[in-house]
């Protein structure tokens, strides 16, 4: 298969290099199109106000001065001279569990692939303090999942969010299909002073686990399993449709009220 690989940790990150090499060893044709620096937390942002510069590192690698979503968008809308078959994003050097997917550039790169018509997988290694020891485990998991997707495709609106415990392959207890868990609200932002005495802020850490019981991605990884969460991008809250529909009469009447 022709595999487009991207990430949010940057084109020089070890995770993406190990992933690309593992996919090549498995017989895939791999093109890496990734940010020229760390763009973690970029979510689904596209660069629309300035042109995006790219730099070919070699025949199989391109660095992009943009977000993960920019990378996949450019690669799939004309920058490459061929059409990939699948998008694989990662390997992220930290978890993308539960609410993390909202902010994750890793997941968003996969999501852009899905928007543009390709199967897509996001792969993250659940590390402690970003100190990764077993990228090769996550890479092997990705290779196995890509093979399964080729043999048994999923519905066209499905993205796979994969989180891998930072363990040797032999120590992983298995794969689990999971749902997204939830975190408590984020920790407070951290104020500091710059050299001129002006207040600046750091975004605080993600909140601790809240909904993290059996069946969630949090629980699977915590118990030594590789979590596979099928996700999609329909954000409609169907359970609220009837309630909001009940507002419509009053809202419509307000159109006739004096300004």
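Using the three backbone atoms N, Cα and C, a Cβ is placed for every residue, glycine included.
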Given that Swiss-Prot assigns 8, 9, 40 to the divalent metal cation site, pick the one from 92, 96 that the record assigns to that site as well.
92
Among 40, 92, the one of these binding-site residues whose Cβ has the fewest neighbouring Cβ atoms within 10 Å:
40
Going by a 10 angstroms cut-off between Cβ atoms, which of the binding-site residues 8, 9 has the sparsest surroundings?
9
